[in-house]
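**Student:** Quick one: the structure is below, and I'll ask about it shortly.
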């Protein structure tokens, strides 16, 4: 039946064993044949292992010499990127420069360790890298419907145990468990008998096609399509426009409807009549036009010419850590992962290292150490791959004078002209430049020996002065006592332009004494207290200055605090532990999903302009009150992943939670009932209503969980976005893992309506 599926599934070219356009590709053929590569784990652990791409072109097989794991596989979907050369921390540390052109690394999503490999020749390394990149690129081009079919196809391949291209009743039951459906024997037998027209005891050819059609049938799509398809059994261009205007609430024209038919209709005869079949309609719903997320917000759409303190800025705390705050691994990879997620403010805890080279680690703990210069090199390489907007280097400086001078030298030599070393203006500035002005630039945040005016008056700060370290986050350190004093080198001080760190002594003191470029960092307890007791003063403070918030030192497990109350108070740099999957990181990813994933999100007017009386806790009348009623129907889900893949009979019992996070009056959560033993196509058809007071600060989070009556529910997938970035109507919601990576075949189907409150 595999051969039949390859020929008959709806998007045949993308479901063939060899991806479209790569049938005779030499690089891909090398991967399919396989070969030996030298696996590198340390300077002393380097061993040959055989690697081979499976025929499905979605799975990589490799040998293992472990006793109970002789053969292992990983999915191409698990790969985040492939790097050519000695571009990983492991290869830089454990290999010599002369093997540079034979090296490459496979970088995985989440916390999985990188796979560092050395090929036998530079040409072979090039082919491995090119072949893998072509496969990854091909899979990314699949739309969600094609990805779904690809997934079903691969599950069918696995279910065909004896590879005879037929499906027995036993194999059918195994396949249904693979795709996360638990059915009783009677239902499986009825389904099998309905398809086994030949009464041969196995399905093949058209019988498998019939089984496949029964499997992917979606009743809810039939109902929607039937309601609007008034031209025979097909939807005319007028019908489609009617759907776009009345159901999707879009500002659409006849030309827009024609464009959708031309782009997504699969049937040429229907396309010639400007009609859309049910298959074309489903294809459209699976595209970005049918997604919950407004496609216009995938690009930078906000005004980026305002002062930088007018934006929320995606920010990381102790960026160097891959794990916890006490014994965790420090790595350049942590910076790369954060930057690739559009983090625009990274932290560097700098200490004296051996051989005169400054290092980065969590001081007074057992976390490992990484060289300062290696971190700067990694930042230089990856800072602007996801976003072109400025990156703030938040220095926590504990170094002696000599190593501080070396820190300054490294930043100047490595970052070059991208490092901001003087104000953009020719005279003393009175306000921050904009993200647009600072594109591609690095801004150093830290202590400075004198005021910024000195740059224009040519006055010398004199001798190096004692400065108090901004944070002392060792978990056993007493709060506010014995803060370490260090001497500050002029060379490092001079690199601090728009982000001079100063102690916070109250809002009135800051208003009267602080320049716009002087900013304070607040530990979470202090910031939360201010957001609760003096929120309007906090908002006004943030209209002219930057504020950075960081987690409590007691969070040794790298857990996170809720960023929403701090955003409500107008705080820009709300730093989180990016390495820790959590609701808080889901919210952060949701907040910065919009505006082109730039890492900058313009604050609402009422958080930016003087005279505002906005208070998120009391909500007095003002321009912030734009009351909305949010109606949502959770209709169904498709292809939810199995959580326990080792147990064949383990099937999820999914439920859906819909959460609103924003001002306290808007924060709310509602959930559906759970569906027993169906992760493939569960259907709820449950409706909820939320009353929203301040939509510009609201985030919507979808959470799909596996219900458990005896313990905490397990996460299946999640998705978060700003309320102002969602589209009305029937929409598909993609689902992400706890690490924020897309689950390729899974999703929710919902109906949304965000209306002005009556």
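Glycine residues also receive a Cβ, built from the backbone N, Cα and C atoms like all the rest.
The shown structure was predicted, so the numbers you read here are calculated from the model rather than taken from an experiment.
If you look up TrEMBL, you'll see 317, 362 marked as active site. Per TrEMBL, the feature Ca(2+) 3 binding site maps to 318, 347, 349, 396. Per TrEMBL, the feature domain 'PI-PLC Y-box' maps to 492-608. The annotation O-linked glycosylation site is assigned in TrEMBL to 198.
Give me the lay of the land around each of these features.
**Tutor:** For residue 317 (active site), the same-chain residues 6+ apart in sequence whose C-beta sits under 8 angstroms from its C-beta are 347, 550, 551, 575, 576, 577, 578.
For residue 396 (Ca(2+) 3 binding site), other Cβ atoms within 10 Å of its Cβ number 23.
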**Student:** How many neighbouring Cβ atoms, not counting its own, are there within 10 Å of the Cβ of residue 198 (O-linked glycosylation site)?
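**Tutor:** Total other Cβ atoms inside 10 Å, all chains included: 12.
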**Student:** Reported as an integer number of Å, what is the Cα distance between residue 318 (Ca(2+) 3 binding site) and residue 362 (active site)?
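**Tutor:** Residue 318 (Ca(2+) 3 binding site) and residue 362 (active site) have their Cα atoms 8 Å apart.
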**Student:** Within 10 angstroms of the C-beta of residue 318 (Ca(2+) 3 binding site), what count of other C-beta atoms is obtained when all protein chains are considered?
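**Tutor:** Excluding its own Cβ, the number within 10 Å is 28.
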**Student:** Measuring Cα to Cα, tell me the gap between residue 198 (O-linked glycosylation site) and residue 362 (active site) in whole angstrom.
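**Tutor:** Cα to Cα, residue 198 (O-linked glycosylation site) and residue 362 (active site) are separated by 69 Å.
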**Student:** Work out how many Å separate residue 349 (Ca(2+) 3 binding site) and residue 362 (active site) at their Cα atoms, rounded off.
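**Tutor:** Checking the Cα atoms of residue 349 (Ca(2+) 3 binding site) and residue 362 (active site) gives a distance of 7 Å.
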**Student:** For residue 349 (Ca(2+) 3 binding site), list the number of other Cβ atoms lying within 10 Å of its Cβ atom.
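**Tutor:** Step by step: centre on the Cβ of residue 349 (Ca(2+) 3 binding site), count other Cβ atoms within 10 Å, giving 24.
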**Student:** Would you count the other CB atoms within 10 A of the CB of residue 347 (Ca(2+) 3 binding site), including those on all shown protein chains?
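**Tutor:** Other Cβ atoms within 10 Å of residue 347 (Ca(2+) 3 binding site): 24.
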